[in-house]
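The block underneath contains the structure these notes are about, expressed in structure tokens.
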């Protein structure tokens with residue numbers, strides 16, 4: 001519920017407050033798990049390396065000062081204040097930032113003329129702001145240099161891969177570190193049992209994921225809340241009992257003094273200190289499950305003060321018990337993935353501030369200098385420790401990035417082949433009229449990625465089997481760079497050729513968060529939408545200049561929530577038609593009869609191989625890696641829930 005939508009009544013306001021506080025409570029169990037358990041291993045990891053030679057009060061105070069300012073600058077200032085405001089219609093994460101840049105600044109690999117206006121389909125397209133001189137110059141640069149768009153996509157894939165890599169390691173690290181605390185009271189417990197207990201807990205945690213965010217949040221929120229209250233209470237006790245002067249460490253002077261005294265050893269220890277912000281990216285990545293205000297309330301009112309008290313209390317205790325600095329069997333991996341994701345977010349925010357928010361370049365530079373310099377310092381320390389264990393998340397991330405990149409490359413080549421080898425509509429119309437192609441009762445939905453013309457696989461089918469159904473509908477599903485598409489803008493329906501041909505095209509536009517319908521529901525909605533158009537009274541023609549189909553997607557009239565186009569044979573339009581009932585009685589009758597006869601689904605079972613002239617590297621990528629990925633992914637018919645008895649698969653091999 002948005003505060004702007006709340007009416008002035010006290011009841012509505014009270015309901016909004018309750019909803020926000022409920023979401024803030026749930027976010028404790030979903031968003032802040034990693035961040036809240038980091039005190040378990042930050043100090044032991046920081047003092048496990050060369051810093052073990054520096055275990056005086058100044059070093060302990062310096063580490064606490066660095067932890068305090070790191071938590072203040074990155075989670076509190078950067079994410080809570082700035083980054084949460086860069087959401088994509090309520091969605092967060094690296095891809096949300098990228099989708100904003102693709103939609104608002106047209107920085108995707110496809111040019112603006114090749115894709116529909118995704119922003120017009122957004123639930124909240126955002127205010128229209130004029131380009132600044134800097135944003136215009138950046139757009140010109142990205143338009144001129146295609147390689148810059150590729151590098152931007154690679155940076156996004158790297159950040160996303162790092163999040164996944166971190167998600168592989170962080171749960172095991174947190175749970176294992178927590179379980180190891182049992183040995184403080186049960187010293188005789190064998191290490192193998194702690195690993196077994198941690199494994200059982202991890203299996204249980206992942207088994208609960210399927211119940212959904214709502215239930216997981218309510219289940220773990222009281223546990224996290226109790227944990228935070230306990231560690232903050234213990235922290236306050238330690239501060240008062242052992243060293244009240246520890247509060248002086250909140251001054252940045254002690255951080256400066258720390259580096260002055262420890263030198264290079266202090267720099268290498270940053271790989272342990274950065275673990276205090278493990279999970280901070282989740283505040284933005286999990287935004288879609290909650291709201292800006294609920295995330296901010298939970299962090300500023302509960303998580304942040306509790307963590308500061310916990311770290312201060314632990315430092316106060318360690319200042320009087322320096323022998324306990326090394327009491328840990330688990331040397332935390334300096335989690336490199338964490339700081340890399342944050343650094344990628346900072347770089348993307350530089351572009352967001354200039355090209356989406358249209359702010360002055362000095363504001364973007366200040367953001368990068370303040371937050372980027374801190375993150376780069378930690379990043380350099382983590383890189384220096386790659387050989388000590390940080391290589392593991394790096395390898396995970398590079399493998400995932402390679403898989404995503406190769407899948408995208410192979411899919412792009414397949415789409416490119418279909419576009420360049422599509423059959424003109426004139427050819428299809430000639431087949432339908434002059435060459436004796438039989439028309440059998442029923443409707444066939446022909447799925448493809450081609451938005452104009454005829455896909456190669458259908459031409460291949462007609463050439464070898466010159467029969468198709470009475471009603472033809474070419475269906476293309478487009479996933480846009482918006483979380484959700486407004487219902488009345490979901491379907492683009494057009495008639496291909498004269499009415500008597502009974503050939504239509506439907507482009508279904510979905511957001512990346514829209515749930516896919518099952519085949520039966522989708523079929524019913526699609527046909528009902530076509531019936532509604534044909535049933536409207538009257539007939540209205542709008543003459544216009546010759547325009548491409550891509551341009552028409554942004555300017556077509558809308559009737560009852562359905563956009564209608566009229567295509568001629570060469571894929572160009574000389575007039576846009578809003579066709580309504582009256583003259584379409586026969587079409588309605590044919591559609592009803594065809595619907596009773598049944599609906600079939602036609603899809604291509606397409607293999608992609610590299611051409612003989614391709615390089616060995618391309619053959620390896622396409623024939624082996626992409627081929628393996630394609631064979632092990634879900635088939636399109638399975639993903640769309642198409643019934644096997646109604647499926648027609650057309651086998652083809654594309655040489656790219």
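In case you wondered, yes, glycine gets a Cβ from its N, Cα and C as well.
Under the heading domain 'K+ potassium transporter integral membrane', TrEMBL lists 23-334 (among others).
Look at TrEMBL and you will find 335-429 (among others) tagged as domain 'K+ potassium transporter integral membrane'.
Taken from TrEMBL, the feature domain 'K+ potassium transporter C-terminal' applies to 441-655.
Taking Cβ pairs closer than 8 Å, the transmembrane segment (60-81) reaches residues 35, 42-43, 46-47, 246, 248-255, 257-259, 261-262, 266, 269-270, 273-274, 276-277, 280-281, 283-284, 295-296, 299-300, 304, 307-308, 311-312, 315, 318-319, 322, 342, 346, 370-371, 374-375, 378 in its own chain, all 6 or more past its ends. Positions annotated as transmembrane segment by TrEMBL: 60-81 (among others).
Marked as transmembrane segment by TrEMBL: 150-173 (among others).
What TrEMBL lists as transmembrane segment is 193-211 (among others).
Sequence-distant neighbours of the transmembrane segment (218-240) (same chain, 6+ residues past either end, Cβ-Cβ under 8 Å): 25-30, 32-33, 36-37, 39, 208, 246-247, 302-303, 305-307, 309-314, 316-317. Summarising the annotation, TrEMBL assigns transmembrane segment to 218-240 (among others).
Same-chain neighbours of the transmembrane segment (293-312): 3, 20-21, 23-28, 31-32, 35-36, 38-39, 42, 64, 67-68, 71, 75-76, 80, 84, 225, 228-229, 231-232, 234-236, 238-239, 246-247, 249, 276, 283, 287, counting only residues six or more beyond its ends whose CB sits under 8 Å from a CB of the stretch. Positions annotated as transmembrane segment by TrEMBL: 293-312 (among others).
Positions annotated as transmembrane segment by TrEMBL: 333-355 (among others).
Counting residues 6+ beyond its ends, the transmembrane segment (361-379) has Cβ neighbours under 8 Å at 70, 73-74, 77-78, 82, 132, 134, 267, 270-271, 273-274, 336, 339-340, 342-343, 346-347, 349-351, 353-354 in the same chain. Under the heading transmembrane segment, TrEMBL lists 361-379 (among others).
Panel annotation: around the transmembrane segment (391-410), residues 153-154, 157-158, 160-162, 164-166, 168-169, 333, 335-337, 340, 608, 621-622, 625-626, 629-630 of the same chain, lying at least six beyond its termini, place a Cβ under 8 Å from a Cβ of the stretch. Summarising the annotation, TrEMBL assigns transmembrane segment to 391-410 (among others).
Residue counts for the domain 'K+ potassium transporter integral membrane' (335-429) under DSSP, helix first, then strand, then coil, are 81 helix, 1 strand, 13 coil.
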